[in-house]
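Q: The active site, acyl-thioester intermediate annotation in Swiss-Prot covers Cys127, and the record cites sequence analysis as its basis. Per Swiss-Prot, the feature NAD(+) binding site maps to Ser12, Gly13, Asn14, Ile15, Ser163, Ala164, Gly165, Pro166, Gly167, Thr168, Arg169, Ala170, Asn171, Asn282.
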Amino acid sequence: MPEKLQVAIVGSGNISTDLLYKLQRSEYLEPRWMIGIDPESEGLARARKLGLETSHEGVDWLLAQDDKPDLVFEATSAYVHRAAAPRYEEAGIRAIDLTPAAVGPAVIPPANLREHLDAPNVNMITCGGQATIPIVYAVTRAVTEQGGTVPYAEIVASVSSSSAGPGTRANIDEFTKTTSKGVQTIGGAARGKAIIILNPADPPMIMRDTIFCAIPEDVDRDAIAQSIRDVVAEVQTYVPGYRLLNDPQFDDPSINSGGQAVVTTFVEVEGAGDYLPPYAGNLDIMTAAAAKVGEEIAKESLSLAGGAQA
């Protein structure tokens with residue numbers, strides 16, 4: 001059976017370049033193509049130096065090749081991916097979407113990756129979602145196991161202004177809407193809210209997030225704290241710089257919390273510094289999570305291919 005899935009990266013910007021370095025370390029993925037639209041792109045130049053086939057002629061060029069990728073990672077824009085997605089599917093190419101297009105189901109690795117390993121297209125939601133929804137999921141999991149519910153969860157993502165490009169700035173409303181939806185549909189809260197803060201501090205600060213979850217007053221708080229620690233450890237397997245700033249904090253019901261008990265969790269995300277600076281943990285967690293999803297898809301695909309040949 002093939003040892004690795006053949007991979008194309010569509011997009012040649014900062015996120016794509018950082019992703020390339022991560023994929024080069026993979027035991028299951030072989031980055032072979034990088035596609036862009038700017039012939040002078042630094043990303044394409046770096047990819048060529050690393051031995052990849054490159055083109056500035058976009059998806060048309062990629063799909064015209066005799067050899068086609070098994071898997072595409074796309075970090076372009078939502079409208080570009082929406083146009084390309086049906087073409088990938090028609091060509092039998094799986095897609096991991098790092099844009100807001102949301103053609104396929106949103107995936108948060110600790111929460112729902114196993115449910116979507118056979119999907120033709122998966123979406124990586126948002127950087128804030130990748131950093132905070134695992135915590136909401138951890139709280140909901142522990143509360144649900146005790147017969148309760150999480151009626152409300154709110155996340156506040158603070159990222160360095162230096163790491164927020166024009167795309168992020170132009171899509172703040174889309175970020176909050178998409179992340180809020182993920183807090184509910186993937187995290188498991190009945191209602192969700194998301195806030196993003198662009199921190200102008202210089203030198204730049206790493207990504208820091210605050211996650212508030214309303215919980216039943218009589219729930220086992222130790223079980224919630226352990227569930228959070230377990231999920232943090234799982235995220236750390238692909239984002240080593242993801243960490244709790246302190247133990248989860250529990251507050252009894254009050255007027256300020258609408259009569260609900262609350263657990264508050266503080267996390268920070270330091271990037272690996274593969275290409276993006278370490279303070280850009282908000283971008284690093286996107287590329288690391290995408291690489292994690294790709295590896296799990298590859299493991300599943302290669303295992304099935306091996307079984308069919310046996």
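Including glycine, each Cβ sits where the backbone N, Cα and C put it.
So that I understand the layout, could you describe where these features sit and how close they are to other parts?
A: Close to Cys127 (active site, acyl-thioester intermediate) in the fold, though at least 6 residues off in sequence, lie Ala157, Val159, Met207, Asn282, Leu283, Ile285, Met286, each with a CB less than 8 Å from its CB.
In the three-state DSSP assignment, the secondary structure recorded for Gly165 (NAD(+) binding site) is coil.
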Q: For Cys127 (active site, acyl-thioester intermediate), what is the secondary structure by DSSP, using just helix, strand and coil?
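A: In three-state terms, Cys127 (active site, acyl-thioester intermediate) counts as helix.
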Q: Among the binding-site residues listed here, Arg169, Asn171, whose Cβ has the fewest other Cβ atoms inside 10 Å?
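A: Sparsest of the binding-site residues Arg169, Asn171 by Cβ contacts within 10 Å: Arg169.
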Q: Could you tell me which three-state DSSP class Asn14 (NAD(+) binding site) falls into?
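A: Looking at the DSSP assignment, Asn14 (NAD(+) binding site) belongs to a helix.
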Q: Return the residues near Ser12 (NAD(+) binding site) by Cβ distance under 8 Å, restricted to its own chain and a separation of at least 6 in sequence.
A: Met34, Ile35, Gly36, Ile37, Asp38, Ser41, Glu42, Gly43, Leu44, Ala47, Thr54, His56
Q: Within 10 Å of its Cβ, which one of these binding-site residues (Asn14, Ser163) has the largest number of other Cβ atoms?
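A: The largest 10 Å Cβ neighbour count belongs to Ser163.
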Q: Using all protein chains in view, find how many other C-beta atoms are within 10 Å of the C-beta of Gly165 (NAD(+) binding site).
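A: There are 12 of them.
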